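Undergrad: Please read through the structure below; I'll follow up with questions.
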């Protein structure tokens, strides 16, 4: 959110629509859950005890060869999603997947591998637990633990992770051939996929995916001639022998420690004194962004809003919705100071805004494959917002944040509609982002997910031009007039025409003719296999 913003109408054209979209949730309702397919979830532990080592799945029939499916190349870091589970308190022993340093006196510090009994797991994101080693009790983040001796506790198990995110992780610089992970299958409920980094002379570094099937008697196999009682034994076998795979499994794919869901238990509306502003990262028309520390323990980003920017009551109501939007391509909202001046506390992203990254950082040297992959990540996050029936309203490079390994996350979703500034609400002047805004939104205030699609098309031009201001040489009033007459930006220098065609789809005059974000995500993720397989790097891209 700043001096610029974006919007447009909902209702995808039929050729882009799919039938498996989750039921949408109104953005004005404050009690909905995150999308189960993509959100960074906490385990749901409730109800009766279950066997965590039982993995029911649809059996597969018939023999199978060692033919991998899929494949790709790119770079990114993702967080493995925790397992879904249920239990009654204290029966199952849990094991720590990561180290955790206590942030409050009520928290419990622990090391990876430490074991716990869960005392109270009714709180969702934070559980009361007792360390078996020390006897100490305290709250722990529920997405940092898994049932001991379950598949979720294995280092190589990455849970709900899509093919593309697996490829981004495995293809990170420094990873070697044979590095691997196991994840849930995207296409077959209850099944698994083995993803391995490979290399060949034609494709260079790439990733191969093998489907792990289940026998009627409960065993697992990739090929029927080699069957195993458990996934653990299957992985152990292929770590010792390639046995038909593209390469023997070597080391487990490294990953980053996931973000906790919130700063701590009950840390939502926090006192201003608990925050220390340390390094000013930027400023805009409505406030500043700082790197800071919460409670003397936790690095965070803090957005400070100028008094009068928005009504505190309206902000708090919207923030309650925003904090429920959970997806690994959205910057998580941790906490708020709800009295003016309003503070918004979020995850700190190491590389700052995408706009600055492209203009002044490492982004200046990126080639088209990396830029398209970043666009695909943004589309992934926007597809989630689309499924949740929410609207961003200010989608542009300045509101995308970049982390390590070219991770992109969407920030400031939903805040633009709360701005009280007269110049902004009149959709005129320097504070309003005319150049990113769909005409029906700029002229008539009709902001929908389809105006976000228009804005995404503008964001694509920012990516391929390394942060150039859209419509170069034109002032806001001229842009609005020319766009209404049918003018659209020409193909940027070095940009493939196929990518410009996607931009023009986003800029269709009729909002209903613009593609869905689901379509855009699919198009960009498969861009170099389906659309531009003969891509050769040029001077700029």
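Using N, Cα and C of the backbone, Cβ positions are placed for all residues, glycine too.
Note that this is a predicted model, so its numbers are computed, not measured.
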Undergrad: Tell me which of 1-43, 44-86 corresponds to the region 'Disordered' entry in Swiss-Prot.
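TA: Of 1-43, 44-86, Swiss-Prot gives region 'Disordered' for 1-43.
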Undergrad: For each of 281, 289, count the other CB atoms within 10 A of its CB; which of these binding-site residues has the top count?
TA: 289
Undergrad: Looking at Cβ-Cβ distances, which residues of the chain lie under 8 angstroms from residue 287 (ATP binding site) while being 6 or more apart from it?
TA: 303, 304, 305, 306, 309, 341
Undergrad: If you skip the near sequence neighbours and keep only those at least six away, which residues in the chain come within under 8 angstroms of residue 283 (ATP binding site), Cβ to Cβ?
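TA: Result: 289.
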